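The next block holds one structure in the form of structure tokens; read it before the comments.
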């Protein structure tokens with residue numbers, strides 16, 4: 001008989017629950033990657049919506065000067081027309097404010113919707129809730145791209161699409177964090193969620209590359225293709241997502257095997273049937289009396305979630321941390337286009353280095369916080385180091401652009417990633433909840449919703465301040481980092497005064 005290959009030995013060494021856990025990790029990773037992939041195109045397309053028309057204007061002026069110098073009366077048509085150079089209505093001198101308003105409309109709707117999304121998500125099946133959100137997001141993302149196909153120049157149309165897309169995208173984050181929190185315990189949560197949260201940067205990178213491929217030839221496809229991708233992933237979510245592992249699978253197995261089981265544990269459901277190993281029956285099944293469990297704990301209220309220690313501090317800290325991160329997300333490609341004089345595609349490709357650094361920063365933040373057992377202190381150190389690095393674009397031509405983008409991305413996204421994942425999961429399963437696992441979605445929504453207020457303010461302020469020079473934008477980003485640091489000082493002090501490390505010492 002031929003020996004069994006080592007790869008097969010490896011595959012059969014995992015039980016069914018471990019396979020479902022791995023499936024949930026990979027599936028939720030891909031699902032939220034598609035969310036960020038569909039958000040990124042707007043930052044790439046901005047430089048195409050308003051191009052630098054100065055070269056065409058100078059050429060037209062030079063042509064006119066030559067003609068007048070030769071004593072000719074013939075008037076030449078201008079080589080620069082608004083419709084040829086920029087996309088109405090972003091062809092005016094106030095284009096930065098209009099682009100900023102478009103960002104703000106998406107992010108403001110996202111911030112408002114996020115507070116409601118967590119509460120709704122606690123009361124609906126996550127799989128269906130997430131599927132509807134992804135299909136709707138795919139629709140609205142495609143609609144933005146259809147504005148190019150059908151030559152739509154109404155600002156109201158683009159604002160409406162952004163608001164609608166912002167609202168439906170709020171279904172994503174509370175749902176995937178709840179799923180991953182249900183399947184993975186507190187052991188090495190920082191590392192696991194640091195790896196998992198790299199979906200944010202992976203989505204940004206893929207979104208930049210996909211949007212950049214079509215931005216110069218047909219920017220409508222820069223939205224339509226990501227829209228189709230997130231819609232397709234919504235179908236995958238409906239077909240394969242398992243929301244939580246069953247708490248009663250082991251109890252049913254004990255009962256079938258003739259072992260004593262507490263009467264209050266057992267309840268039959270679909271997930272239990274899926275998670276029970278088929279080969280684990282010890283004796284032929286006997287007639288079984290199924291005793292339903294006591295009523296499940298009710299979902300936590302909004303005010304109840306706010307009373308969990310640490311929720312307010314981390315939420316406000318995330319407001320400023322996300323302000324910085326999303327300002328880079330929405331404005332970095334445009335800034336590179338203006339400062340380095342690159343076309344939209346090259347600027348988009350270069351901006352992906354910021355997201356590559358974000359992947360490394362998120363993982364490092366998780367590993368360090370697991371090792372030290374100090375979430376708040378890890379965030380505080382990274383915020384302190386990030387404050388000076390966000391000013392590097394002011395010295396664009398003096399610095400190593402590639403290296404600084406990597407470092408800046410790691411330090412900016414590290415605290416943001418840690419708070420939105422491991423910290424949110426820690427707080428959503430806080431000991432004050434007495435085992436009520438139905439608070440995770442609401443707590444996640446409160447923290448990320450508050451952070452999304454900063455995400456909405458950052459790009460809006462960038463659009464306003466950049467009119468007076470880009471340096472003002474970077475001073476704003478440094479100030480935001482320092483404010484985020486100040487908001488964590490109480491928790492940092494509590495962690496440092498603790499005699500021994502504990503994974504969530506500051507928030508217990």
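Even glycines carry a Cβ here, placed using N, Cα and C.
Just so you know, TrEMBL annotations never went through curation; they're auto-generated.
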Exercise. Pick from 174-194, 195-215, 258-278: which range does TrEMBL record as transmembrane segment?
Worked result: 195-215
Exercise. Is the transmembrane segment (473-492) packed against any residues at least 6 beyond its ends, judged by a Cβ distance under 8 Å, and which are they?
Worked result: 310, 313-314, 316-321, 323-324, 327, 331, 374, 376-377, 379-380, 383-384, 386-388, 390-391, 393-394, 415, 454, 458, 461-462, 465-466, 506-507
Exercise. Going through 195-215, 352-368, 439-461 one by one, which has the most CB pairs that fall under 8 Å from the transmembrane segment (404-427)?
Worked result: 352-368
Problem set entry | Cβ-based contact of the transmembrane segment (98-120) with the transmembrane segment (439-461), 3 or more pairs under 8 Å | yes
Exercise. By a Cβ-Cβ criterion of under 8 Å, what residues six or more beyond either terminus of the transmembrane segment (126-150) are in contact with it?
Worked result: 31, 34-35, 38, 41-42, 87, 120, 157-158, 161-162, 164-165, 168-172, 175-176, 178-179, 218-224, 226-235, 237-238, 241-243, 441
